[in-house]
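Peer 1: Quick one: the structure is below, questions incoming.
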Amino acid sequence: MGSTASTLSKIPDVETLMQETGFTPAHMVRLYDRFKALDKERKGHLCPQDFGAIKELAENPIGDRIVGAFFSQGQETLDFHSFVRILAHFRPVDKDRPRDPNVPEPINSRSNKLKFAFQLYDQDKDGKISRAELLQIIWQVLRAMLEMQVTEEQLESIADRTIQEADLDRDEAISFDEFRKSLEKVNIDHKMSIRFLR
Amino acid sequence: MVPRWPAFLPLLFLVSLLCFGRPCLASSSSDTSHGETATSSGHGESGGHGESGGHGESLNITTLPIVSWKWSHVTVPYFVALWILVCWLCKLVFELNHHLTSVFPESGLLILIGFVLGGIIWGADKAQTFTLTPTNFFFYLLPQIILDAGYFMPNRLFFRNLGTILIYAIIGTCWNAAAVGLSLWGCYEGGAMGDLDIGLLQFLLFGSLLAAVDPVAVIAVFEEVHVNEVLFILVFGESLLNDGVTVVLYNVFDAFVSLGGEKIDAAEIVKGIISFFVVAFGGSLVGVVFAILLSLLTRCTKNIQIIEAGFIFVLGYLSYLTAEMLSLSAILSITFCGVCCQKYVNANMDEKSVITVRYAMKVLANGSETMIFVFLGITAIDKTIWVWNTGFILLSLLFIFIYRFIGVFFLTWILNKYRLVPISIIDQVVMSYGGLRGAVAYGLAAMLDESKIKEKNLMISTTLIVVYFTVILQGITMKPLVQWLKVKRVSSSELKLIEKVNNRAFDHVLAAIEDICGRIGDNWWTRGWKKFEEHWISWLLMKPSARKSQDYIFGIFHKLNLEDAANYVTEGERRGSLAFLRTDDKAGVDFKKKFGSEFAEVMPDIMADTSEAGFGIENVPVTSIIHDSVPSVSLNIYEEDMRNTAQDINAHHLLQQHLYRSRKNHRHRYSRSHFGINESENEVQEIFQRTMRSRLESFKSAKMGVTPAKKITKHPKKVREQREHKHMSNGTAVDKSKTHPYGDEDFEFSEGDSASGVSGGSSFPMRVTYSAGAGIENPAFMPEMDTPPPMRNPPWAPGSDVDATVAPSQRAQRQLPWTPSNLRRLAPLRISDRSTDSFVMADVIPPPPEPEDPAQGDGTHM
C-alpha cells in the first residue's frame with residue numbers, strides 16, 4: 001500500500017477529486033496508472049488519438065462517440081481530472097451512503113448517467129435527439145451485429161417507432177426530458193455502471 | 001366457495017368411478033401408482049389383464065356378443081386419463097374462484113384437494129391405492145416442467161446472474177444439507193428424538209434430500225407473486241441448478257450408508273467430490289449436446305413443419321433420459337437443453353411451430369405440475385407411511401427454516417461485495433422464505449432403501465410435513481409478506497423500442513469504458529461471447545435465413561407491429577370495416593402507431609385477417625374484393641381515388657394467383673400433415689412482405705408528391721440517380737415501386753425464404769422483377785396503389801425546390817395534424833439518404849449527423 005500512497009501524492013488535488021467522484025484511493029491509483037499508460041508521449045494530457053490506440057475501442061461501433069464524450073466541445077486535450085470525472089459516471093450508485101442535501105448531486109447519480117447517455121446520442125448538442133441522430137445510433141448499434149442484413153427501411157422504421165414512443169411534444173425529436181421519461185422503467189443505475197469501479 | 005359445488009359433483013363422480021375400478025387392481029401392491037402414467041409394473045399388469053380378460057371371454061362365448069364389458073382391458077390407461085382429468089378439473093374449479101386463488105396459492109390448494117381426494121379413496125378402499133411413486137414422478141411428470149423452465153428461461157438474466165445462482169445452488173445447498181443433517185444428529189445424540197435407528201450418515205442423507213429448493217414449488221409460488229426479475233431468477237435458477245448438488249449428495253450419502261461408516265476414508269470422500277463435478281457438469285454437457293442436435297435438426301425440418309415442434313419434446317426428454325442413464329444429473333441436462341436450444345430453435349422453426357411449442361410446453365408443464373401437487377396431497381392419506389416423531393419432525397422443520405435463512409444471508413453478504421447491484425435485505429428475506437421444498441424431496445425420500453435405512457417411513461413423513469409446511473404455509477404467506485415488505489415487483493413489461501435500443505447502446509458504452517479503463521470486466525466477456533456466438537454458433541446452428549433476421553430489436557419491433565396490426569383489425573371489425581382508415585380522420589385506432597412504417601412487416605397478417613374476417617372472401621367474387629377490400633387495408637389511403645382499372649387488373653391477376661385461390665383450395669381440405677396450412681403460404685407471405693415493403697416505399701414517396709422530388713433535388717447521390725433514371729426511362733405507372741432505393745445486399749433480407757418460392761417472380765429481389773417488366777406476373781400487386789397519379793407528376797419532373805412548397809392533397813393536409821407519424825414518413829428518406837453512404841464507409845468513425853435543415857423541417861410540418 002506504500003506505493004498507493006506515493007502514487008496518490010503525485011496526483012494533484014487528489015482529495016477534492018476523490019470527494020467529487022467518490023472513488024477510493026485504490027481506484028484513483030489504478031485510474032492514474034491507466035491514464036499514464038494511455039498517455040504514451042507523457043504530455044500530461046490525452047488527445048483523441050491516444051484513445052484511438054485502444055484496439056477494442058476502435059472496433060466498438062460507437063467507440064468514437066464515447067471518446068468524443070470525454071472531450072468537451074472544442075477541446076482537444078483531456079487532463080486527469082476530467083478523465084476521472086467522466087469515468088465517475090459509471091461508478092455504481094451506493095445506496096447505503098447517506099446523501100448530504102447540501103452537496104450537489106454526485107456524478108454517478110441517475111440523471112447524470114442519463115445525461116451522459118443522452119449526449120452520446122445528441123451529437124450536435126442542440127439538446128435534442130433528432131431523427132437523424134437516432135437513426136445513426138441505431139444504425140451503428142445494429143450494424144455491429146455480424147452478418148446483419150438490415151435494410152435501411154427497417155432501420156428507419158425502428159427509428160420512427162422509437163421516436164414515436166418517446167416524443168411527447170411531437171416535435172420529431174427527443175428532448176432530455178422525454179428521454180428520461182421514456183427510460184423511466186429502465187434501471188439505469190444497473191445498466192450504466194461498471195462493477196470494478198465500485 | 002359456492003361456485004365450487006356444482007363443479008365438485010362430477011369430480012365426486014369421477015372419484016367414485018376410480019374407486020369402483022379398484023377391485024380390478026386389487027392384486028397390485030399399493031406402492032404402484034395406477035393413477036399415474038403407466039409404470040413398468042402397471043404395463044405388465046394391464047397387458048396381463050387385457051389378455052386374460054380377452055381370452056376368458058373368447059373361450060366361453062356361446063353366442064356372438066354384440067358388446068362386451070372389457071374394463072380390465074383398459075384399466076391402466078383409463079385410470080391415467082381419468083386422473084389427469086380429475087387433477088385438471090381441480091385446477092379448473094379453483095380457478096373459477098378468484099377470491100380463493102388470490103389468497104391461497106394454487107399449489108397449496110391443490111395439495112388440500114389432494115387430501116380430500118385421498119380421503120375419499122381411503123374411505124372406499126381402506127388403503128391408499130394411488131400414490132405418487134418416484135418412477136412416475138421422475139420419468140413422466142418432472143421432465144416437462146423442467147424443460148419448460150429451461151426453454152422459457154430468460155437467458156440474458158440467467159447468465160448475468162449465473163455466478164450468484166451457482167454460489168447459492170452449490171454452496172448453499174451443501175451448507176443446508178450438512179447443517180440440517182449435523183444438527184439433527186446432534187439433537188438425536190442429545191436425546192431429543194427418543195429411540196431411533198439412525199446414524200450420522202443417515203442424518204446427512206436425510207439432510208441432503210431435504211436441502212434442495214424445489215423447482216416445481218418455487219415456480220408455482222413465485223409465478224403468482226411477481227417479484228422483481230432478479231430476485232425471481234435467483235430463486236428459480238437456484239432451484240433448478242441445485243438439483244445436481246442434491247442428486248450427488250444423495251447418491252454419495254446413499255453409497256456411504258451402504259458402505260457403512262468404517263469403510264469411508266479420504267479416498268471415498270475425494271471420489272464423492274469428483275463425482276459431484278462429473279455429475280453436474282456431465283449432466284449439463286449432455287443437455288448442451290442435445291441442444292446442439294436439436295438446433296441442427298430444426299435447421300432442416302422445413303418440409304415436415306407439422307411435426308417439427310415435436311422434436312423439442314422428444315429430444316428434450318431424451319436428454320433427460322440419457323443423463324439419467326449415465327447417472328448424471330438429469331434435471332441439469334434437460335434444463336440446459338432448453339436454455340441452449342431456445343434461441344436457435346425459435347429462429348429455425350416456422351413461426352407457427354414456435355407457437356405450437358410454446359403452448360404445448362405450457363400445457364404439459366402446467367398439467368403435470370397440477371398432478372404433482374394433487375398427488376402430493378393424495379399420498380399423505382395413507383396410514384402405512386406415517387410414523388410420528390415429534391422431536392424429529394419439528395426439529396427438521398426448524399432447522400430447515402433457520403439454516404436456509406443463515407445460508408442465504410451469509411452467502412449474500414459475501415456476494416454483495418462483488419455484485420454490481422447488491423441484493424437488498426428484503427430480497428434476501430424473500431429468498432430465504434421462498435426456500436420451498438417439494439416433490440423432488442419427496443421423490444428422493446420415497447426412493448430410499450428400507451433395508452438400509454430403517455426409519456424410511458419417518459423420513460418420508462417428515463419430508464411430507466416439510467413439503468406441506470413450506471408449500472402451503474409459506475406459500476400462502478408469501479404474497480402478504482411480499483406486499484408487506486414492499487418487495488420490488490416486476491415492472492409492467494411494456495415493450496418499448498427505445499429501451500431496447502438504449503440497452504444495446506449501453507452495452508457498447510460499458511464495453512468501451514472498460515476498454516478505456518483497461519480492465520477486463522463483465523462486459524468484455526459478454527462482448528467476446530457475443531462475437532463468438534455470432535461468428536460460429538449461429539453459423540452452425542441457425543438457418544441462414546433465420547440468421548439474418550435474428551436481431552433482438554427486430555424481434556421487439558416485429559412484436560409491436562403485430563400488436564398494432566391486431567388492434568387495427570380489431571378496430572376495423574368493431575366498426576364493421578376497415579374503411580375508417582380512409583374516411584375517418586379521428587379513428588379510435590391510434591394512428592400514431594398505425595401508420596408507422598411497421599406495415600412493411602405486418603401487412604401479410606392484416607391482409608390475411610381482414611380478408612377472412614371482414615370480407616368473407618369465399619362468397620364474394622374476386623373482382624368485388626379487389627374493389628372493396630384491398631384498398632381499404634392498403635396503406636395508400638390517400639390515393640384510393642387515384643386508382644385506375646388497369647392496375648385493378650394487375651391486382652386481380654395477382655390476387656387470383658396468389659391469395660384467394662390458394663385459400664379456397666385449402667380451406668376445407670383435411671390433411672394430417674398440413675393442418676390447413678397452405679404449403680405455399682410462406683411464399684405468399686413473402687410476396688406480401690415484399691409487396692408491402694415496396695408499397696410502403698411508394699407510399700412514402702407518393703403520398704404527397706413532396707418527398708421524392710426533394711430527394712432527387714437535394715441528394716443527387718448515385719442511388720438516387722439510378723432511381724430517377726428508372727422513373728424516367730420506364731415512365732410507367734408501375735415504375736416507382738420497383739425502384740428500391742437501397743443496394744442489392746439490403747434486399748437480401750429475406751432471400752433465404754424466397755429462394756423456395758414457387759412462383760419464379762417472387763424469388764428474385766423485387767427490383768429485378770419489376771425492371772424486367774414482369775409486373776403482371778409478379779405477385780406483388782402494388783402497381784395499383786403506387787401509380788404516381790398525373791397530378792403529382794409535376795413536382796417530380798422539374799426536380800427543383802418547388803416541391804417544398806407544393807401543397808399536399810387536401811386529404812393529406814387535413815389529416816396531417818392527426819397523423820403525426822406520417823410526417824416522419826417524409827423526413828426519414830431524406831435524412832437517411834444522406835447518411836446511407838457515410839454509414840457504409842464509416843463503420844468505425846461515423847460522421848456526426850447533420851442537423852436538420854430548417855427549411856425541410858418546415859416543409860415536413862406543413
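Glycine is no exception: its Cβ is also placed from the backbone N, Cα and C atoms.
In case it's useful when we look at the structure, here is the feature table from TrEMBL:
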type     : residues  : note
SIGNAL   : B:1-26    : signal peptide
COMPBIAS : B:27-39   : compositional bias 'Polar residues'
REGION   : B:27-55   : region 'Disordered'
TRANSMEM : B:76-94   : transmembrane segment
DOMAIN   : B:99-484  : domain 'Cation/H+ exchanger transmembrane'
TRANSMEM : B:106-124 : transmembrane segment
TRANSMEM : B:136-153 : transmembrane segment
TRANSMEM : B:165-186 : transmembrane segment
TRANSMEM : B:198-222 : transmembrane segment
TRANSMEM : B:231-253 : transmembrane segment
TRANSMEM : B:273-297 : transmembrane segment
TRANSMEM : B:359-381 : transmembrane segment
TRANSMEM : B:393-415 : transmembrane segment
TRANSMEM : B:457-476 : transmembrane segment
REGION   : B:708-760 : region 'Disordered'
REGION   : B:790-862 : region 'Disordered'
COMPBIAS : B:807-822 : compositional bias 'Polar residues'
Peer 1: Please work out which recorded stretch in B:198-222, B:231-253, B:393-415 has the most C-beta pairs separated by under 8 angstroms from the transmembrane segment (B:359-381)?
Peer 2: B:198-222
Peer 1: So, do the transmembrane segment (B:136-153) and the transmembrane segment (B:393-415) meet, by the test of 3 or more Cβ pairs under 8 Å (sequence gap 6 or more)?
Peer 2: no
Peer 1: Near the transmembrane segment (B:165-186), which same-chain residues lie under 8 Å Cβ to Cβ, leaving out any that are not at least 6 residues past its ends?
Peer 2: 158, 198, 200, 203-208, 210-213, 233-234, 237-238, 240-242, 244-246, 249, 392, 395-396, 399-400, 403-404, 406-408, 411, 414-415
Peer 1: So, does the transmembrane segment (B:231-253) come close enough to the transmembrane segment (B:106-124) to give 3+ Cβ pairs below 8 Å, pairs being at least 6 apart in sequence?
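Peer 2: These two segments do not touch.
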Peer 1: Can you tell me which parts of the same chain pack against the transmembrane segment (B:198-222), counting only residues 6+ beyond its ends and a CB-CB cutoff under 8 A?
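Peer 2: Same-chain contacts beyond the flanks: 105-107, 142, 145-146, 149, 173-174, 176-182, 184-185, 188, 232, 235-236, 238-240, 242-243, 245-246, 249-250, 252-254, 256-257, 261, 264, 331, 369, 372-373, 396, 400, 434-441, 444-445, 448, 453-455, 459, 462-463, 466-467, 470-471, 474-475, 478.
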